[in-house]
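Participant: One structure coming up, written as structure tokens, with questions to follow.
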Amino acid sequence: MSDYIVVKCGGSMLNQLNDVFFDCIKKLQQKYKVVIVHGGGPEIDAKLKDCNINVEKRDGLRITPKEVMDVVQMVLCGSTNKKLVMNLQKHNLLAVGCSGCDGNLLQVQPVSEEIGYVGEVSYVETALLKGLINMGYIPVIAPIGVNGNEIYNINADNAAAGIAATLGAKELIFITDVDGILHEGNLVKETDESEIATFIETGVITGGMIPKVQAALASLKMGVQKISIVNGTKDFTEVTGECIGTTVTKGVSIA
């Protein structure tokens, strides 16, 4: 198991990040090599509205014709990425922002013609990430990828999972606005694939938590060994630097 940690921060969380989050990143960086992947859904939706372009999604994926792809690229690779980089550096965390098209970092396979320029990660060029980390920087990745000479939108969860799996990361951390999976008001500290399926069937997991755990399960299938779902507005690291939240693994069940 490597000493890499991949942190995935959804677009809806970016404006909620506080000093506690950046302190947690500092603690993680003391023990591990950290890579951050971010989304940008709310900002993309707002910019599309400004441009009078309809927002359409299918099965959780943004339908991305060429005119939408131009806006997605502008937002993710521009304002969203640079705001997060500047916030990290404001907290004395040196960061370099880049997208998956830089250095062919994220290569993709198109999902389907019906949803346009949307791809899933097929290859990660880790040399760029490792080089930045070895120079003391935190790579901050916008989920844009390439296929041939075309640029594609990538679901940020898929991008983070692909990077974590290729790096053989110790852990993939999903930053959310809740403490993790709750069962009867109590935090579920550890769970696995079969238990999550039961939780969804019985209504323990509902609403916005469903896509989060589905992303966690998809990450496990891609080869990530451990997933943590944590609250990014609270201290989610212990003194040891281990995550506090819900841990999802392939074969752990609650006693």
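Using the three backbone atoms N, Cα and C, a Cβ is placed for every residue, glycine included.
Because the structure is a prediction, the values reported are computed rather than measured.
According to Swiss-Prot, the protein has these features:
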SITE      LYS8  site 'Transition state stabilizer'
BINDING   GLY40, GLY41, ARG62, ASN153  substrate binding site
SITE      LYS212  site 'Transition state stabilizer'
Participant: An 8 Å radius from the center of the GLY40, GLY41, ARG62, ASN153 Cβ atoms defines the neighbourhood of the substrate site; name the other residues of that chain inside it, in order.
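Facilitator: Near the substrate site, the remaining chain residues are GLY11, GLY39, ILE44, VAL72, VAL75, LEU76, PRO143, ASN155, ALA156.
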Participant: Indicate the candidate from GLY40, GLY41 with the smallest number of other Cβ atoms within 10 Å of its Cβ, considering only these binding-site residues.
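Facilitator: Minimum Cβ neighbour count within 10 Å, taken over the binding-site residues GLY40, GLY41, occurs at GLY41.
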Participant: Please find which two of GLY40, GLY41, ARG62, ASN153 have the most distant C-alpha atoms, given that the record lists them as binding substrate, and give only that distance in angstrom, rounded to a whole number.
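Facilitator: Binding-site diameter by Cα atoms for substrate: 12 Å.
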Participant: Given GLY40 (substrate binding site) and LYS8 (site 'Transition state stabilizer'), what distance in Å do their CA atoms have, once rounded to a whole number?
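Facilitator: Checking the Cα atoms of GLY40 (substrate binding site) and LYS8 (site 'Transition state stabilizer') gives a distance of 11 Å.
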Participant: Where ASN153 (substrate binding site) and LYS212 (site 'Transition state stabilizer') are concerned, what is their Cα separation in Å, rounded?
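Facilitator: Per the Cα atoms, ASN153 (substrate binding site) and LYS212 (site 'Transition state stabilizer') stand 19 Å apart.
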Participant: Rounded to the nearest Å, what's the C-alpha distance separating LYS8 (site 'Transition state stabilizer') and ARG62 (substrate binding site)? Just drop the number here, would you?
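Facilitator: Here the two Cα atoms are 18 Å apart.
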